[in-house]
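Taking it in order: structure first as structure tokens, then the write-up.
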Amino acid sequence: MLVSLYTVRVVLETLGEIDYGIYNVVGGIVTMFSFLSSTMASASQRFFAFEIGKNNFQRLKEIFSLTLLSYIGIALLVFLLAETFGLWFVNTQLTIPSDRIDAVNYIYQFSILSFIVSIFSTPYQAIIIAREKMNVYAYVSIVESILKLLIVYLLVLFSFDKLKLYAILVFFVTFFVTLIYIFYCRRNFKESFYFFYWESKKMMEIVSYAWWNMIGTVAGLLRNQGVNILLNVFFGPVVNTARAIAYQVNAVLSNFSNNFYIAVHPQIIKYYSSKQLEEMNDLVFRSSKLAFYLVMILFIPLILETEYILRLWLNDLPKHTVIFVQLVIINTLINVLNNPLTCAIQATGKIIILQLTISVLNLTILPISYLFLRWGMQPEITMIISICISILCFFPRLLLVKKYVGISIILFFKKVLFVVIIVFILSIIPPIIINLNMESSLYRFLLVTLTVLLFSIWVIYKIGLTINEKKLSKALINKFIKRIK
């Protein structure tokens, strides 16, 4: 986490506000096409975990080969879309300084190459996650962070156009990481060896699942990149830089909850495929609470001490960065409770109503944001609108998980939502008192962080956990202590 945050800081300093904002908005155009690979990734993980839960190795092998074949088609389609629509959009619609047009086209081409290479790593990552080899996933992520840190030093060493060089080096890191995933899977999982296999019915089932999942993914991408483009049109690349910094901070810290969910999701699907619905519902409840607590402990100090932390991290702080970071964190904290519910619905394969409902709600952010920006509102309004929509999206998920899996809405409110709200309120009061009664300083930051850590853990243990969860926590702590001894 610290390596990633430091990398962002030095890259921002080396490229400068304008070039960093340019890289994020141009790279974001390519990322818009990630709906093709990300939807297939979600489908791959679901079908891999489903067959593993049924202990059907031969079927797993066949599905892996089918999905790998589909990724070749996705790579070709991404290349076609990026080199036509994407290239036109970059050169005609974005607000780019005239002296950086050449560099923009250069980094755009390397961003396409990086993205296509990353597509081929996706099925291998999916099988690692479905096999619940989270340590491998974590080790490769560490290697990737270190390589990106190395990029920073190479940027400083060479006098070549730093924006172009950054795009080239990111491509080589992506290529190397993809090779690691492929090599590991081929050595450890027999099903990861491709053989030509075709089954129209199964391919249609996978594609149908991916298609409906794609609707939600596309809506999310259009929302995120659409807001980015709106901010670029109304305020220019500097505001894009402030927003990019906020999402970089959020991405690094969210890795904790995301890695937690990566570990939980396959187990939820396996419980469903083996008809263990009671165990599945219990896991949905527990994972919702624990992920919220994890994110809460990390995010409360950052929300209260945002400006101090950012000024320690960055020498030059673009305007709007502090409020962007705070609002993005609040939005993420709300969305933490949505993830297990979404996974439970995905496990059933009945995702049509979910994706249509959530997509419509997410896309309303763009016209509403446009209207508010036209009326002269500040760029932060886009995040406030996003927070309101995230709250609304919680309710259709809860209704659908009750319909498909039988989870009681009343029990979810009682055992999860009500509990986490009480824990959050009690946990944030002491650090707020400290924050309001002391001048900004290292001492206040350390005191706020320590208070959050100690008081939150106490509140979580006393109020936020059931008797069985407390017993499990004690057993895990004792096991950890024995390992140390």
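Using the three backbone atoms N, Cα and C, a Cβ is placed for every residue, glycine included.
Cross-referencing 20-43, 212-235 with TrEMBL places the feature transmembrane segment at 20-43.
Under the criterion of 3 or more C-beta pairs below 8 Å, with sequence separation of 6 or more, the transmembrane segment (442-461) and the transmembrane segment (290-310) qualify as touching. Among the recorded stretches 106-124, 136-159, 290-310, 353-375, 381-400, the one sharing the largest number of Cβ pairs closer than 8 Å with the transmembrane segment (63-86) is 106-124. Same-chain residues lying 6 or more positions outside the transmembrane segment (322-341) and placing a CB less than 8 Å from one of its CB atoms are 242-243, 245-247, 249-250, 253-254, 257, 261, 264, 268, 283-284, 287-288, 291-292, 295-296, 299, 302-303, 306-307, 310, 379-380, 383-384, 386-387, 390-391, 393-394, 397-398, 400-401, 416-417, 420. Ranked by number of Cβ pairs under 8 Å to the transmembrane segment (412-436), the listed stretches 106-124, 136-159, 290-310, 381-400 are led by 290-310.
The list of residues near the transmembrane segment (290-310) in space but at least 6 beyond its ends in sequence, with Cβ under 8 angstroms from a Cβ of it, reads 245, 249, 253-254, 256-257, 260-261, 317, 321-322, 325-326, 329-330, 332-333, 336-337, 339-340, 420, 423-424, 427-428, 431-432, 435, 440-441, 444-445, 448-449, 452-453, 456-457, 460, 464.
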